[in-house]
């Protein structure tokens, strides 16, 4: 007999009743009634119902056991999608699974965050939990599709670096063949150098922060979506690309994770044709903060988010012009008033999601900026090569994947949307 | 006056002669003749020729300086693509660039590997060098497109891990908030666990090997393309996916990096409909090696590559059945003869490119395999959770991006195709 091709759960509703099918997946739910046992099978496309009668002579193994089911597709108004499988032959593909730490078959997972995280290899199987990452993966598809079609080149920069120069603090030290090295806090220096090569670059990869605080928003390792482009007029050109990227990520989710969005029950954000922009100085005024505040406090960001929603119908607001003294040394000042910078934060529903801006591009400006913070340009020799040999006006931004998804799905803690989070206390699973 | 939209070098041949254009890029070459100066401008799409006459009253800054050129598109049989720019206004976008460490405008770069690597931020600008990475980036697009369309989910697993359990050797140690942690040598354990969640997963990300040898094939950090899928019959199902992936990567290059391939002058590989497979035992016999050899030596791989090319017209050959004693503990044995394994290497033009195979999936088999190497299953508790709670038969593979590109472009040393290589001696740029 020819083996029957596998039918995915999501395909079952389209099978002609009476046809033989072969399903494969985990036992999601085993419900034993007096006259019948329901086996709900879960694969990566959804759930399928299998009806096991005593006359079938089949054992249904415990929940989470991987099984193959060969049976007959049968119309049933009770079954999800209108088709179930009857007269099954059920074959366990491993020994019986141990009882999971939480009941994965319940519509909502009933467990606290520590349980979810300690048992991540299993708790991610819950469809509502898995949906969170499906949103992340679909966002990545949208991110890359947008940039690929705009002539960007994907790059991969080293994560082991020789110095902690970008910020100096919160870096992890490595034993690198007997000498010290560090884990990169961002691909910032590399993506800038690569603008000299490819003009427009992006990178999706891990970044590392030895973040000594235990907060709901910070991780020691997260996925950073980095973009950098050359021949810009100023940071507004960067903001235009960011708008396209955010719209593309939203489109990616709509196209590739519609089922996950429906399950999560959250509205996708409104991305306006043009993201409204407010200057930092005006933002302070709007929220009633003193005009010498160097940064926006979380409550200011929330107030600005509400204001943007009300005024522009937008879930996004860019705040430009942050004070130079609070931005990294490579930040380009605002022409005409060097207290301010050509940099921005993008607030998403009142929370900082992206930081970006225009960078310095002239060698002399770098040398001056480095000396102004009491350092010697020689310490940055390898980075400064790119500027010595000609770099165009450029800028870019970085967006944390987990922070984006947390905000989209309404997660209170960023760890809920991270596959295997790393923080001050957690190094496993 | 309205600003003129930027014309890319690659678009110039399609501009109507007589139209005004605005180009932006680096001065690739400045050639001063008695009556005219040629400025060859380079952007990410190619080169454009600008003709500067004394009457234009324009200074042409030195090579590598970023410039903007506004002028008139003019038909010229001498210009690349048949169109050049005349009557230009040339504006430098930074100070004059310092003379590059190598002449980037020469058709072939004349510099040894140490110079190339020490000055990577600049030497990658050479079109023939840049082409190598364009092949890499296009390969990644093909890799993802193939797997996305086959229902795989992209994942990102942690690079900071709590133990060096997979192989024990050659790991980098980190100071993780005062306690030891390690850089992941591969996402192996995580991608397996995630098969229980998503069934089919892939990851593109850095892996770290504290490789104490200085060879032309090894790096301390490289980009690993990892794939894992569940509900396979055996390793042959994995090999089928690998075939599609390799064909997809080739198609990605053809579609997105045709110009780079032409410049590099290397033929793209032949990917047959089905990759020929030979058993390890037969392979030893074919190359005349003793039948108790535990592995294939490089000269054996070369001989097998030549044989596959001659016998099947294929640049690829899969060798299956490697001895269990040489494979990692999670390797699935060959049913019926447990000396051999359900694992394979894929040789590409006589060099190992990919390692893959079927993994164990039953908890009891893991416990036995771990004890067999003198360890306690408890040390693997977090990994083994997935198997305790039901894992399907599964397998996967890992492919090193740099190794693939090195082989495609005929690079003698893997560092030639790595943006910023890391090895025993090199930690910068």
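The backbone N, Cα and C atoms fix where each Cβ goes, glycine too.
A:352 is the only one of A:262, A:273, A:352 that TrEMBL places in the ATP site (with A:209, A:210, A:211, A:217, A:218, A:219, A:400, A:401, A:402, A:403). Among the ranges A:184-187, A:188-191, A:192-195, the one that TrEMBL lists as region 'Aspartate' is A:188-191. Farthest C-alpha pair in the ATP-binding residues A:209, A:210, A:211, A:217, A:218, A:219, A:352, A:400, A:401, A:402, A:403: 20 Å apart.
Taken residue by residue with DSSP, residue A:401 (ATP binding site) is part of a helix. Classification of residue A:211 (ATP binding site) by DSSP places it in coil, neither helical nor stranded.
For the pair residue A:211 (ATP binding site) and residue A:355 (L-aspartate binding site), the C-alpha distance works out to 18 angstrom. The separation of residue A:403 (ATP binding site) from residue A:355 (L-aspartate binding site), Cα to Cα, is 12 Å.
Here the candidates are the recorded positions A:80, A:209, A:359, and by Cα distance the one nearest residue A:401 (ATP binding site) turns out to be A:209.
Note on proximity: among A:80, A:352, A:403, the recorded positions of the record, the Cα nearest residue A:209 (L-aspartate binding site) is that of A:403. A C-beta separation below 8 Å, combined with a sequence spacing of at least six in one chain, links residue A:218 (ATP binding site) to A:209, A:211, A:414, A:423.
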